[in-house]
Amino acid sequence: MDIVHIIVLSLVQGITEFLPISSSAHLVLVPKLLGWPDQGLAFDVAVHIGTLTAIVFYFKDSIFGLLRDFFVSIVRRERVGDSTLVWAVCFATIPAGIFGLAFNSLIEEYTRSGIVIAVTTIIFGVVLYLADKRVGTKSEYDVTIKLALIIGLAQALALIPGVSRSGITMSAALFLGFSRVGSANFSFLMSIPIILLAGGLESVKLIRHDISYVWSDLALAALISAVSAYICVKLFMSIISKMSMTPFVVYRLILGVFLLFIFV
């Protein structure tokens, strides 16, 4: 890949991965506007590694304690500390895992068009706006297994390009009475196993197809996506602690209309 392609697409992935604005919409739009070829499977794996590193580093002060409580709860077969939060993340991952394995081929075949991405970007932007009006006070530590499964079902919708995984999970959490910060934190925690699964599947495909790649290019892509994703998460959390999701809703609507203009 050209160095400019690597920098731009890595920044796009890092900036949009955790914001409720649909990374897939941007990764379709940028190459389309610039006339660039598909970035390839190896690049996808690299930026997934980068964004995963970013979110793990963001939760560095709590993630090891959460994992400790989780594994101790397994050994003792009882709730320990904040183990329920980790169990909730695990259960929230199940719906997307099941639907992904069952319908991934169909989704790839029928929903990867620019028009579909444009329409879903607009529709679920409106959903985010409506959900933001229902904002509550629950934090991520108030999540139950039942609530996690509901949010997990919403996450399964993000298999459709343009929906936005972070956008739909935050929307579901807001509808269920979570605060903006609480919904974002739980959404980000949910992203860890999802990115691991997606990156793992892509890695398997990469190995099976014996695709050639340049290690320095992949390292650069991972680094740029990691740094940009971490900065965006920090800024996003600062923004929603002080104001509503409206700026992101407006951006989605503008983006969706722009995509319709390009692809219709």
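Each position is counted from 1, following the chain as shown.
Quick reminder: no glycine exception, Cβ is built from N, Cα and C everywhere.
Note that the structure is a prediction, hence the values are computed from the model and not measured.
Listed features, source Swiss-Prot:
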- 1-21: transmembrane segment (TRANSMEM)
- 39-59: transmembrane segment (TRANSMEM)
- 83-103: transmembrane segment (TRANSMEM)
- 113-133: transmembrane segment (TRANSMEM)
- 143-163: transmembrane segment (TRANSMEM)
- 181-201: transmembrane segment (TRANSMEM)
- 220-240: transmembrane segment (TRANSMEM)
- 244-264: transmembrane segment (TRANSMEM)
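Most Cβ pairs under 8 Å with the transmembrane segment (1-21) belong to 181-201, among the candidate stretches 83-103, 143-163, 181-201. Segment contact is absent for the transmembrane segment (39-59) and the transmembrane segment (143-163), given fewer than three CB pairs below 8 angstroms at sequence separation of 6 or more. Taking every listed stretch (83-103, 113-133, 143-163, 181-201) in turn, the largest tally of C-beta pairs under 8 A with the transmembrane segment (244-264) is reached by 113-133. Beyond its flanks by at least six residues, the transmembrane segment (113-133) meets 20, 22, 24-25, 28, 32, 157, 160-164, 167-168, 170-172, 174-175, 180, 244-246, 248-249, 252-253, 255-257, 259-260, 262-264 of its own chain at Cβ-Cβ distances under 8 Å. Same-chain residues lying 6+ beyond the ends of the transmembrane segment (83-103) with a Cβ under 8 Å from its Cβ atoms: 66-67, 69-70, 72-73, 140-141, 143-145, 147-149, 151-153, 155-156, 158-159, 186, 189-190, 192-194, 197.
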